[in-house]
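*Asks:* This is the feature table in Swiss-Prot:
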DISULFID  Cys41-Cys55  disulfide bond
DISULFID  Cys48-Cys58  disulfide bond
DISULFID  Cys54-Cys63  disulfide bond
DISULFID  Cys57-Cys72  disulfide bond
MOD_RES   Pro38  4-hydroxyproline
MOD_RES   Pro47  4-hydroxyproline
MOD_RES   Pro65  4-hydroxyproline
MOD_RES   Leu78  D-leucine
SIGNAL    1-19  signal peptide
Amino acid sequence: MKLCLTFLLVLMILASVTGEKSSKHTLSRAARVKNRGPSFCKADEKPCKYHADCCNCCLGGICKPSTSWIGCSTNVFLTR
């Protein structure tokens, strides 16, 4: 009987450590946050100082979408 209870306890701990039961909850929460978007970023065409100020990129002091395949680049040839 003790062996059976110990085995069940080990299974419960193992499931909680590996995230078996919480994976669906975590994924659904991540999807909701992604759809809502960050609440602290500025939309396109707003003034900015850093890339982190914008939802996309800060180029020339204005939030703009990235036009390069490598992300927010300030190189003239990559931002056209």
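For all residues, glycine too, the Cβ spot is worked out from N, Cα and C.
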*Asks:* CB neighbours of Cys72 (disulfide bond) within 10 A?
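*Replies:* Its Cβ has 19 other Cβ atoms within 10 Å.
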*Asks:* In whole Å, note down how far the CA of Pro65 (4-hydroxyproline) lies from the CA of Cys57 (disulfide bond).
*Replies:* 6
*Asks:* Once near-sequence residues are set aside, which residues in the chain of Cys58 (disulfide bond), 6 or more away, have Cβ atoms under 8 Å from its Cβ?
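*Replies:* When sequence neighbours closer than 6 are ignored, Cys58 (disulfide bond) has Cys48, Lys49, Tyr50, His51, Ala52, Lys64, Cys72 within Cβ distance under 8 Å.
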*Asks:* Whose Cβ, among the disulfide-bonded residues Cys41, Cys48, Cys54, Cys63, has more other Cβ atoms within 10 Å than any of the rest?
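*Replies:* Counting Cβ neighbours within 10 Å, the top one is Cys54.
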*Asks:* Quick one: Cα separation, Pro47 (4-hydroxyproline) versus Cys63 (disulfide bond), in Å?
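*Replies:* With the alpha carbons as reference points, the distance is 6 Å.
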*Asks:* Are there any residues at least 6 positions away along the chain from Pro65 (4-hydroxyproline) with a Cβ closer than 8 Å to its Cβ? List them or say none.
*Replies:* Asp44, Asn56, Cys57
*Asks:* Let me make sure I understand the structure: which of the disulfide-bonded residues listed (Cys55, Cys57) has the fewest other Cβ atoms within 10 A of its Cβ?
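*Replies:* Each of the disulfide-bonded residues Cys55, Cys57 was scored by Cβ atoms within 10 Å; lowest is Cys55.
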*Asks:* What's the CA-CA gap between Cys63 (disulfide bond) and Cys55 (disulfide bond) in angstrom, rounded?
*Replies:* 8
*Asks:* Measure from the CA atom of Cys41 (disulfide bond) to the CA atom of Cys54 (disulfide bond) and give the result in Å, rounded to a whole number.
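*Replies:* Computed Cα spacing between Cys54 (disulfide bond) and Cys41 (disulfide bond) is 5 Å.
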